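**Q** Pulled the feature table from TrEMBL, pasting it below:
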| type | residues | note |
| --- | --- | --- |
| TRANSMEM | 19-39 | transmembrane segment |
| DOMAIN | 26-476 | domain 'Major facilitator superfamily (MFS) profile' |
| TRANSMEM | 82-104 | transmembrane segment |
| TRANSMEM | 111-130 | transmembrane segment |
| TRANSMEM | 136-158 | transmembrane segment |
| TRANSMEM | 170-191 | transmembrane segment |
| TRANSMEM | 203-222 | transmembrane segment |
| TRANSMEM | 284-308 | transmembrane segment |
| TRANSMEM | 320-342 | transmembrane segment |
| TRANSMEM | 349-371 | transmembrane segment |
| TRANSMEM | 383-404 | transmembrane segment |
| TRANSMEM | 425-445 | transmembrane segment |
| TRANSMEM | 451-472 | transmembrane segment |
Amino acid sequence: MAGGAFASGSGDVHFEAKITYTVIISCIMAATGGLMFGYDIGISGGVTSMPSFLEHFFPDVYKKIQEHGVDSNYCKYDNQSLQLFTSSLYLAALVATVFASSVTRKLGRKYTMLIAGVFFIIGTVLNSVVNGLLLLIFGRLLLGCGVGFANQAVPVFISEIAPTRIRGALNIMFQLNITVGILIANLVNYFTAQIKGGYGWRISLALAGVPALMLTFGSLLVHDTPNSLIERGFEDEGKAVLKKIRGVENVEPEFQEILKASKVAKTVKSPFKNLIKRHNRPPLIIAVMLQVFQQFTGINAIMFYAPVLFSTLGFKSDASLYSAVITGAVNVFSTLVSVYFVDKVGRRILLLEACVQMFVSQMVIGLVLGLKVHDYSESLSQGFAVLVVVMVCTFVSSFAWSWGPLGWLIPSETFPLEARSAGQSVTVCVNMIFTFIIAQGFLSMLCHFKFGIFFFFSAWVLAMSLFTVFLIPETKNVPIEEMTEKVWRNHWFWKSFMED
């Protein structure tokens, strides 16, 4: 066992637990679903800035970027087919997560992760060998199915298996792996872009199979969560797994809490109808708004299209990929800040501090672009280019220790068991809807809004700040099956939704 025993819970309920190797290894295995997701986010932006990839699949865009002074700097990459290459994955994930909800509930978290890995492997193989745009998009759709299933199962798996005291830190491993995946993708793109012969993009796309294989084989090795096993009627197995992951014999208090929650869950015949009942609206509203706000910070616009964005600002091809690597590294190290602080200072402080930092950096980027980057100018001066990269890194760092990981953590820990799978499905679904909107629309918005797009996103950051101040409760150190009693019934606004 790693670490010592501690009691979690409050009032008369105490859950004994050690931080066991089984829990740590299980969470690391599961979080490779984030690595898979993050690699795809990073890789798509990199290959769409590679001339050989554009010449092969998007000759119109390739022609525009070769012609200097013909198109506005902001509009060189404005192409719906190019945007569909990125966004199609999220459209598929949106549909897949609806099916993943029932799979997660009926087959468990473990096998949902296995299905996710298989989808991703098939999509990766197809994407790396195709020569036509339609098959390329079809491969992306299969990758999207994998993302939908993984994002449905992994955060719930980690929240249910983790001891209360470190639930936030372990859950953020999912987001940490997303950021590591983005960084690895940026590094891969940087090196494959140097390959002569024009096939570097194939290597970039093919390497997505590595995290997919890790998730597939990892899911075969881990136990399913006690919550899922007990909910599906495997009470003895669930109790045995609970003892193993907690590292203590006395798991009866926690077992009884899960058993009570599972009995309620079994009475629910229609999880999605149950989800909209009055007492489930507080976590549902917060989960939905977290996903909307997470996307309208503008983070995915930057992470999807970082190389394209830097190319738009006048950075040369290698320099734009190099700058994307820098932002990817900042993303990883800043997520580690969240791992350390989330269970110490809580969720709200991280969210609010980040809002201030994101607002300032977006405004500075918008002002610099508005003053210095005109439609047909060749590039920013070196000083202003460095300032833009610094501000992008400042923005990315604040997102990485707040709205990025907490957008997944808070929904996964706040729904009651009977609504958890359906709630996570809605969470992923809304996230994918707005990720699709941003991915499909950003390059067109950049063309029409120009520098004003950063002011657009900063206005959303203001709205996020107010929502956090008044409506997001603190959930640190609250056992996952006690959220109703300890959080919602004590909140100034949400308590009115709680029925006796």
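Backbone N, Cα and C define each Cβ position, glycine as well.
Could you place the listed features in the three-dimensional structure?
**A** Within its own chain, the transmembrane segment (82-104) has Cβ neighbours under 8 Å at 40, 44-45, 48, 54, 57-58, 61, 111-112, 115-116, 119, 133, 136-137, 140-149, 151-153, 156, 228, 271-272, 304, 421-422, 424-425, 428-429, 432-433, 435-436, 439-444, counting only residues six or more beyond its boundaries.
Listed by sequence, the residues of this chain that lie at least six past the ends of the transmembrane segment (203-222) yet keep a Cβ under 8 A from its Cβ atoms are 25-26, 29-30, 32-33, 35-36, 39-40, 43, 46-47, 110-111, 113-114, 116-118, 120-121, 124-125, 127-128, 143, 146, 150, 181, 185, 188-189, 192, 195.
Through the fold, the transmembrane segment (320-342) approaches residues 42, 45-46, 49, 168-169, 172-173, 175-176, 179-180, 182-183, 185-187, 189-190, 193, 302-303, 306-311, 350, 389, 392-393, 396-402, 404-406, 409, 476 of its own chain, all at least 6 residues removed from its boundaries and within a Cβ separation under 8 Å.
Sequence-distant neighbours of the transmembrane segment (349-371) (same chain, 6+ residues past either end, Cβ-Cβ under 8 Å): 297-298, 313, 338, 341-342, 380, 384, 387-388, 391-392, 394-395, 397-399, 401-403, 406, 450-455, 457-458, 461-462, 464-465, 468-469, 472.
Sequence-distant neighbours of the transmembrane segment (383-404) (same chain, 6+ residues past either end, Cβ-Cβ under 8 Å): 175, 178-179, 290, 293-294, 297-299, 302-303, 306, 310, 313-315, 323, 326-327, 330-335, 337-338, 341, 350-351, 353-355, 357-358, 360-362, 364-365, 368-369, 372, 464.
Nonlocal intrachain contacts for the transmembrane segment (425-445), taken as residues 6+ away from its ends with a CB within less than 8 angstroms of a stretch CB, comprise 77-80, 82-84, 86-87, 90-91, 93-94, 97-98, 100-101, 104, 144, 147-148, 151-152, 272, 275, 284, 287-288, 290-292, 294-296, 298, 300-301, 304-305, 308, 407-408, 411-412, 453, 456.
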**Q** If you count every Cβ pair below 8 Å, which range out of 136-158, 170-191, 451-472 shares the most with the transmembrane segment (19-39)?
**A** 170-191
